[in-house]
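What TrEMBL says about this one:
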BINDING   B:11-18, B:36-40, B:58-61, B:122-125  GTP binding site
BINDING   B:ASN22  Mg(2+) 1 binding site
BINDING   B:ALA23, B:THR25, B:GLY26  Mg(2+) 2 binding site
DOMAIN    B:4-171  domain 'FeoB-type G'
TRANSMEM  B:279-297  transmembrane segment
TRANSMEM  B:335-359  transmembrane segment
TRANSMEM  B:379-401  transmembrane segment
TRANSMEM  B:413-440  transmembrane segment
TRANSMEM  B:452-473  transmembrane segment
TRANSMEM  B:510-530  transmembrane segment
TRANSMEM  B:637-657  transmembrane segment
TRANSMEM  B:678-699  transmembrane segment
Amino acid sequence: MEITLANLKRGQKGIIKDVSSLHIPLKLLEMGCLPGNAVELVQVAPFADPMYLNINGSHLAIRKETAVHILINIAHE
Amino acid sequence: MSKQINVALIGNPNTGKTSVFNALTGLNQKVGNYPGITVEKKEGICKLPRGVKAHIIDLPGTYSLNASSLDENLVIELLLNKNDKDFPDVAVVVSDVENLKRNLLLFTQIKDLEIPTILVINMADRMAYKGISLDIACLENELKTKIALVSTRKNQGIEKLRELISDYRKLSVEPCLNASEIDPEYFNSLREAFPNQLLYKLWLVITQDVNFGDIQRQESDTLEDFKTKTKIDLKRLQQKETIKRYQFINNTLKKGQTIDLSTAKDLRIRFDRILTHKVWGYLIFFFILLLIFQAIYDWSAIPMDFIDSTFASLSEWSKQTLPQGQFTNLIAEGIIPGLGGIVIFIPQIAFLFLFIAVLEESGYMSRVVFLMDRIMRRFGLSGKSVVPLMSGTACAIPAIMATRNIESWKERLITILVTPFTTCSARLPVYLIIIALVIPEGRFLGLISYQALTLMLLYLIGFGAALGSAYLLHKTLNIKSRSFFVVEMPNYKLPLFKNVLITVVEKTKAFVFGAGKIILAISIVLWFLASYGPGEHFNNAENIVTEQYATENLTEEELQQHIASYKLEHSYIGITGQAIEPLIQPLGYDWKIGIAIVSSFAAREVFVGTLATIYSVGSDEEETIKNRMAGEVNPVLGTPLFNFASGISLMLFYAFAMQCMSTLAIVKRETNSWKWPILQLVTMSSFAYLVALAAFQILK
């Protein structure tokens, strides 16, 4: 199933399918947020924002407004 | 004569780069500023085998050579400029064994610049714990470099690194991948136009189109013609480049690294379940804050009292031992109290930096950023604004410098503008002495003392003013800036004592010598202005006063006091104070407070020092400043000068007014414009005046 990263639930895993280079800072790409890499939602702050992710072994937090520009495939329901 | 080797330490944040720097240089290092900008420049000397010395620069942490901040930009500036005297003979890229994949991105970029590069794989002591094993020979071969496997915690591998640095001439300067394959046509035309230039260097200059402040970039004019591609195209290419680099890194690591996940442990996730929890996370943060404030106020009171009394007796001692004269007076009444006014802040500043260093080193600070981001965003700030606002309780200067990692310019600007509202330690002595004078002793509901409660309220007022004004700026400032927010959540680490100690010593030193110079200079100037005056009134004070009180049968001592106060009134400083008296009378102040306020526009902490200087000029008594202040009478109302109304008014004035030249200077440098510091000075100070006026008029 294809969703945006912002819809990922806590503990769920997925594979990044596409990132909108217009809206995603290069820095995030360089930290491993690239198509084909695995992503897991580790923890969310209140109101699910920001999101604490494990992308390709990098642990980082991004805001929901950035996460909506990242498309992922959920590994399995 | 042995030649010095220039070494640049480069690496991602959280790789222990500074630990490696500390291990190489020991305490043989100095922290300065890069010319013209306030980015901290850390450099040190390291002794290498065979009597060679290395000059090592610890460059700011960066994730890549595509800079997004002033700090990161500096790394490229140095690496692109062969004429810089610090241009490295050899680059040492520090990586963390647990994040090798991500850390190698920067390494491949630096290799493309054809600078001899050594790879340090740090935190080697964590390998077994994480189930990681490395084939160093294979990695060295693939990455075309030499590798030092280092553990700064266990003090391993540093000798090997020294060896490698001294043998830097044997390193290959061949890039490890050909990044120009992402668009061969474009890069070929680039190569033809600039046959003598490094391709990757040209590419960096073309793509780095962010705001670099006032730093000059080289060769940019000739390259203008080549900016034929749109920004979006360039960014797509950069994305392609990044993917290409990761492909290379993945292939390399497949050959040289194995991770046995069955033996790997991850404490980070377990800790983070609690430390970033919706409820527990905030509770724990709140308790840590309480602990910090407790340390700053309670624990540092003991050394502060000691410093206070030491300087008081030193002043007394010098007066009695040195030969009488103006020079002795200058030392005893100007310089020593001035120095005391600086030294007294050391315990608090040191405690605050100790806590901040421990929180940063342990990795906890990133969690605070994560927890606070959503809340801070309502006020137009970022989660990353929490660190500056917390540091602001020690001093606004390092706090404003700590805003550099905020990606969004608008959020960063607002943080810079509101940070001076937080109650810095320079306000504290002002608050403490006035609270002692005007707030009654006794306890609220028999629990908390009124005095402590007042102090706490003042802190809350400071934070409230910061958040309130941030909200206003957020709504009014019309700055379009894309707000990126990316924060790494590094592994938790036990802070290294040595690193923490060095940070605390360096930051405290920077404060003492930076702010200290101004405070000392002002103390001396004040003493002169108070000890000399123009005309008959000052120079003939003794005769005038003696005549005036001729009928009143005063003791010699009383007469001397009247003379001293008459002299002060007609000294240069007295005249200045009286000139501004009409302006401050509605606030409940007299001309002496006026002088103290005027002089504290240079720095707040001067207030108490000024009053100390004013009241101690011409008096030999050991009466404390507090008692003297309590005895002052308002010339208009006839009531004690420092009463509840004027005291509250004065404290509120200090809470809001922008009275720190050093902060204004830093704001100017960080925002690269006079507009923002002037805005701060005018709005904060007029707001302070109005609030103080209202407070006095209502309470009197």
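Residue numbers in this text run from 1 along the chain shown.
Heads up, the Cβ atoms here are built off N, Cα and C, so glycines get one too.
A TrEMBL annotation is a machine prediction, not a hand-curated record.
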Greatest C-beta neighbour count within 10 angstroms, which of the binding-site residues B:GLY11, B:GLY26, B:PRO60: B:GLY11
B:LYS17 (GTP binding site), number of other Cβ atoms within 10 Å: 25
Feature contact check the transmembrane segment (B:335-359) with the transmembrane segment (B:637-657), CB under 8 Å, 3 or more pairs: no
Model confidence over the domain 'FeoB-type G' (B:4-171), averaged pLDDT: 87
Close approaches to the transmembrane segment (B:335-359) from elsewhere in its chain (Cβ under 8 angstroms; 6 or more beyond its ends): 288, 291-292, 295-296, 299-300, 303-304, 307-308, 310-312, 314-315, 318, 365, 368, 387, 390-391, 393-395, 398, 425-426, 428-429, 495, 499-500, 503-504, 507-508, 511-512, 515-516, 519-520, 522-524, 605-606, 608-609, 612-613, 616
DSSP three-state assignment for B:THR25 (Mg(2+) 2 binding site): helix
Coarse DSSP state, helix versus strand versus coil, of B:PRO60 (GTP binding site): coil
Outside the transmembrane segment (B:279-297), six or more residues from its ends: residues with CB under 8 Å to it: 348, 351-352, 355, 359, 364, 367-368, 371-372, 390, 393-394, 425, 455, 459
Nearest of the binding-site residues (B:ASN22, B:THR25, B:GLY26) to B:GLY11 (GTP binding site), judged by Cα-Cα distance: B:ASN22
Nonlocal residues around B:ASN22 (Mg(2+) 1 binding site), in sequence order (Cβ under 8 Å, 6 or more apart): B:GLN29, B:THR152, B:LYS498, B:ASN499, B:ILE502
Mapped DSSP class for B:GLY11 (GTP binding site), helix or strand or coil: strand
B:MET123 (GTP binding site): tally of other CB atoms within 10 A of its CB: 25
Nearest-integer angstrom distance between the alpha carbons (Cα) of B:ASN14 (GTP binding site) and B:GLY26 (Mg(2+) 2 binding site): 20
Among B:ALA23, B:THR25, B:GLY26, which are recorded as binding-site residues, the nearest neighbour of B:LYS17 (GTP binding site) by Cα: B:ALA23
Shortest C-alpha distance to B:MET123 (GTP binding site) - which of the binding-site residues B:ALA23, B:THR25, B:GLY26: B:ALA23
For B:LYS17 (GTP binding site), the three-state class that DSSP assigns: helix
